[in-house]
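Positions annotated as region 'Disordered' by TrEMBL: 1-48. For 1-16, the entry in TrEMBL reads compositional bias 'Basic and acidic residues'. The compositional bias 'Low complexity' annotation in TrEMBL covers 23-33. Positions annotated as repeat 'WD' by TrEMBL: 97-138, 141-175, 183-223, 240-262, 322-350, 352-386.
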């Protein structure tokens, strides 16, 4: 296994220049440069998928220079660069437990990889200490009146955020089982809740809106109407990426609060994830395919990952990128975890037998050491390489 991991590390650089197997077409050549203000003004006249100015602007949202202002310092603190050099490929289950009273919909590690959160149909958010290859229950966070759909730890402090079927998003301190903030205003279930810049939270909902919230005032400060059910969100800097049931992925600049790019997906989008370097976007769709989209180029080149037996089990199945960017992991309707190698495009391993129902979500620890999978029959499984 160590030899295998070493080979992966050596192959990692080759992955940067790997030729993709699917592309969305070539972009037209950019016209001569114009003053910055005029370029930004023209940017919002169109959301053309091939406009070089839009592509440049989107890349700028992901690759802003650091240390130039107070806001950029806040951004650096909120979105730290990952430190995992090499993720371990899991091969066996270390701990299997019935973690909730009903099905589990969401799972997430914190930034230190020492704490895990799970959210279930039983309305509970549970915290688990990750120690010596096992999960030990620490606390249960109450407050949601219906099932939990999404979980995220605050990278700036001891807080956890959850989205709920009860049309709200809730924020807890890790040492208090009572919600510190409850964000209400959506008219249907909240499917995604993410931390944004400057003490903001961004939520997406089945009500076809994306909302920005001020945590200090516990109020909604912006409502963005979207064309379709929003299934998942990615927030990074001033950029929001939303996945939708109409088979589209949309990119938003929060400063203008307007869609600046619309990308065709390959089916109803169930989840999104972004690579540690913010250069690649992962989408999981109901057509049983994962796609890795290169955000750096003008044509948004993409690679499709499939495997015999892999089936996306629900409209909210969540797939992830490993913290070193070398692997993709997703759970299947057959109860197995599938892991693909980004460099080769091939299925690296399949982890079967520990789940008796469809896997709803997986999470890879930021340290690269563990993978946790959860399913619709209450079970959580902790995986590792040895």
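Backbone N, Cα and C define each Cβ position, glycine as well.
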Would you mind splitting the repeat 'WD' (97-138) into helix, strand and coil residue counts from DSSP?
0 helix, 26 strand, 16 coil
Reported in the order helix, strand, coil, what are the DSSP residue counts of the repeat 'WD' (141-175)?
0 helix, 19 strand, 16 coil
Give the nonlocal contacts of the repeat 'WD' (141-175) in its own chain as ranges (CB under 8 Å, at least six residues past its ends).
77-80, 102, 105-111, 115, 117-127, 181-184, 186-195, 201, 203, 205, 213, 215, 232, 316
Could you tell me the mean pLDDT over the repeat 'WD' (141-175), as a whole number?
97
Can we call the repeat 'WD' (352-386) and the repeat 'WD' (183-223) in contact, meaning three or more C-beta pairs below 8 angstroms at a sequence separation of 6+?
no
Near the repeat 'WD' (183-223), which residues from the same chain, at least 6 beyond its ends, have a CB less than 8 A from one of its CBs?
71, 74-75, 78, 146, 149-150, 152, 154-156, 161-171, 229-235, 237-238, 240, 242, 252, 254, 257, 316
Can you count helix, strand and coil residues in the repeat 'WD' (240-262) using DSSP?
0 helix, 16 strand, 7 coil
